[in-house]
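Here the structure comes first, spelled out in C-alpha cells, and everything after it is commentary.
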Amino acid sequence: QICNQHNAEAPNLEQAFHRMAQTEPNLDHDVSWFLLPSYWAKMVVALISFLCFANSYDGDFVFDDSEAIINNKDLRAETPLGDLWHHDFWGSKLSSNTSHKSYRPLTVLTFRINYLFAGGFYPVGFHVINIILHCTISVLMVDVFSILLGGLQFSNKGRRLNLAPKTSLLAALLFAVHPVHTECVAGIVGRADLLCALFFLLSFLGYCKAFRENKEGHHFSIFWVLVSVILGAIAMLCKEQGITILGLNAVFDALVINKLNILEVIQKLLHKDKSLEKAGLLRKGLLFRITLLMSGGASILYIRWRIMGTGPPAFTEVDNPASFADSLFVRAINYNYYYSLNAWLLLCPWWLCFDWSMGCIPLIKSVSDWRIIALAALWFCLIGLICQALCSEDSHKRRILTLGLGFLIIPFLPASNLFFRVGFVIAERVIYLPSIGYCILFTYGFSLLSKQAKKKKILAVAVLGILLINVMRCALRSSQWRSEEQLFRSALSVCPLNAKVHYNVGKNLADKGNQSAAIKYYREAVRLNPKYVHAMNNLGNILKERNELQEAEELLSLAVQIQPDFAAAWMNLGIVQNSLRRFEEAEQSYWTAIKHRKKYPDCYYNLGRLYADLNRHIDALNAWRNATVLKPEHSLAWNNMIILLDNTGNLAQAEAVGREALELIPNDHSLMFSLANVLGKSQKYKESEALFLKAIKANPNAASYHGNLAVLYHRWGNLDLAKKHYEVSLKLDPTAPGTKENYNLLRRKLEQLQKKGG
C-alpha cells in the first residue's frame, strides 16, 4: 500500500535527493581507509567477526546458561509450546513472585529448537548459532552504517546508494570486533541480545525501504512502516530493548527523511510558532508515520503488559544496591556513575567481568568521593556532543551526531534504572545495541581527524592497530568464556570485592571435589558480604560433610535468620541437627523447609531418614513416598523404602515397591541390587540372579553386588559360582563386612564335600 501526500511548498523528493548528494559533504572524502565493493566489504566483516569468537564454539554451558537452558523445562518436548508465552526467560511463571519478568519467548523457542535438533544438552550447537548470529548482525551493520553515515539515497531504479563505503566498513569492523560483545556471543544466554539486535536492524532497514523514490514525487510505503513495527515487536519478544527501535526510526525519519533542525523545532514549539509546518513537522507525512510508530509501540506494550501482569520483578539489594538507597541524591549519583562505567567499557573494553554486583562497585555516598570525576567527564562529553548536535551550522554534523547519540542512548534506556529497577549494576550484554552509537561517533571523529591530519596513513594505521588489539582481546575473552573455571577466575582481578565472584569460584572448586580450596573462597565471599546466605549455605554444607558440625550449624542458623524463607538452608540445618542427635529440632527444621517450598522431594527424603533413625517406620515410608511422588526418579527414596520394608520383613511389599521403582527408573543399578536382595530372600533365585548380573554389568566394581550375588549362589547351592563372586568381592574390598566369614564357611563346606567325594 502506498500513501501519496503532496505539499505545494515542498520540492520534488527526487530533486531533493540529488541536491543533497551534491551539497552534503562526504565522510569518505578525507578518510584514508580501504575501499571495497559492497560484497567484499561484507565478506571481510563476516570473516573477521567469525575469527574473533570462533574459539568459543566448543565451550561449556557456563554461569546463567545452567538456569536458562539446562534447568529450564520449557526447552523439553514434554512442555507444551503454549507455556513459553506464559513463562519468563528462566522458565518460571510470569505470575510467580520470584519471576524476573524477563519475557523473551522467541529466544527460549530458539533454545528449544537447538535442544531438539541436538537431541539433548550439547553446547556446541548453541554456541555455533550465537556465532552465526553475530556474524550476520555484523554484516547487516555495513548497510546500516552506510545509511547512518552517508544518508538514505536511491538510484533512479530504486536501488539504495552507499555514499560512505569506507566509513561504513570501518564502523562495521569496529562493531564486529568490540570485546564488550563477548558475553553476548560466547555466553549462550546472550542469544537474547543477538536475536533482539537482528530484528532491531531488520526493523530499521525495513523502515528505510518505505522511502524508495519513484516518479510520483513524495511518497512512502505504509506496508514497510507496518513491517518495521512488526519486526520491532519481534525484537522485543527476543529481549526488552527491541522496542526502542520504534523511537529510533522516528528520530531517523525526522533527521534524515525530513531534515529537521531539532533546535529550530524546539524554539518554534516554545514560542508557539504557527510556521511549524514550514519547518517540516507535517511535511512528507512525518506526523502520520510517527503516529503509526507510536500506536504500534503502545499496542505492543499493552499486549505485553496484559500477558505479564502489573507486578514488578523481585530483585534484592545485592543485585542493584543503588536502587535501594534511601537518598535520591545517592541513587542519582550512582546511576550516573554506572553510566560512566558503561561508557568507559565502550571506550576501553579491557576490564570485563561476568558479574558486576555484590560490592564490585561500592556506592558513592558523598561528593568528596574522587569517582565523581567520572560523572563530570561523562556529562562534559555528552553536553559537548549534544550542543554540537543541536547548534552546529553544519547540517551533516548535526545529523550524524544526533543519530550517534540516539543509537547510543535510546537502546540503553531500559537498562538505565530511570523507568524501573533493573537486576544488575552493569551488564556488558546490554551495551550490544548502544555500541552502534559508539561506532558512529568513533568513525565520525576519525573522519574529522583525517580531515585535519597531514599524515592520514599514520592515523589509519593507528585505527588498524585498535582493531587488531580488539580482535586479540575478543579471542582471549572468548577462551575465558569456554569454561566456568576460567570465567570465574578471570573476574578475580577485575572485581576482587565482588562476593559473587568468590562464591562462584568456590562452587566450581567444590563441584570438582576440592573442598579445602572451596572453603577459602566461600569464607571470603561471606567476609565481603556478611549477608550472603547462599555462600553460608554452601560453606555449611561442606563443613557438615567434614564433620565440623558446630560451625556448620552456626552458619546455617545465621542464613535462615537473615532469610527466613531460605528452604535449602533450613533443610541443611535439619541434616546437621540430625547428625548432632537433636532430633526434635531437626524435624522442626525439615518441616519449616517444606513450609517455604511445598514441592521439596530432597527434604522429604531427609525427613524420612530422620524418622527411620527414630524407628518411626510408617512416618519414614510416608515421607519417602512423598519424595517419589514429587520426583518419581528419586532413586535414594525408592531404595530406602525397599530396604526398610526388607529389614522389617515385609518382603511382598518391598518387592512391589522395587518393581514400581524399576518401571520408572529401569536403568538404576542400585534399585536392581535392592530388589534382587528381596527376591533372593523370597527364594525367587532365577529372577534375583538376573537382576544381580544386570546390576554388576552396569557397575562391575561394586564389591557388595558380587558379595550378595555370592550369598544368593551359596543359598541356591551353586557353590562354584558363589566362590567365584566371593573372591571378586574380596578383591574389590578386602574389608567387606561379612563377606570374608561367608567365604570361609563356603571353603570349609567345599573341603568337606571333597573329603566325602574322596
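Here the Cβ of each residue, glycine as well, is placed from N, Cα and C on the backbone.
Keep in mind that TrEMBL annotations are predicted by a computer and have not been checked by a curator.
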Quick one: which of 163-182, 343-362 does TrEMBL have down as transmembrane segment?
-> 163-182
Could you tell me how many residues in the domain 'DUF1736' (311-383) are helical, how many are strand and how many are coil under DSSP?
-> 36 helix, 0 strand, 37 coil
Sequence-distant contacts of the transmembrane segment (403-424), meaning Cβ under 8 Å and at least 6 residues beyond its ends, amount to 100, 148, 200, 240-241, 243-245, 247-248, 251-252, 255-256, 312-313, 315, 319-320, 322-323, 331, 335, 338-339, 342, 356-357, 382, 385-386, 389, 430-431, 433-434, 436-438, 440-441, 444
Within-chain partners of the transmembrane segment (430-449) [C-beta distance under 8 Å, separation at least 6 from its ends] | 27-28, 30-31, 141, 144-145, 148-149, 167, 170-172, 174-175, 178, 180-181, 184, 190, 193-194, 196-197, 200, 241, 244, 342, 345-347, 385, 400-401, 403-409, 411-412, 414-415, 459, 463
Given the cut-off of 8 Å on Cβ pairs that are 6 or more apart in sequence, determine whether the transmembrane segment (220-237) and the transmembrane segment (286-305) share at least 3 such pairs.
-> yes
Of the listed stretches 131-151, 163-182, 243-266, 286-305, which one has the most C-beta pairs under 8 A with the transmembrane segment (458-476)?
-> 163-182
Would you kindly list the residues that approach the repeat 'TPR' (499-532) from elsewhere in its chain, counting only those six or more residues past its ends and only Cβ-Cβ distances under 8 Å?
-> 63, 318, 353, 355, 357-360, 484-485, 488-489, 491-492, 538-539, 542-543, 545-546, 555, 562
What parts of the chain pack near the repeat 'TPR' (533-566), using Cβ distances under 8 Å and only residues at least 6 beyond its ends?
-> 499, 502-503, 506-507, 510, 515, 518-519, 522-523, 525-526, 572-573, 575-577, 579-580, 592, 596
Long-range Cβ contacts under 8 Å made by the transmembrane segment (163-182), restricted to residues 6 or more beyond its ends, are 21, 26-28, 31, 33-36, 38, 41, 44-45, 48-49, 52-53, 56, 134-135, 138-139, 141-143, 145-146, 149-151, 153, 345-346, 349-350, 352, 428, 431-432, 435-436, 438-440, 442-444, 446-447, 463, 467, 470-471, 473-474, 477-478, 481
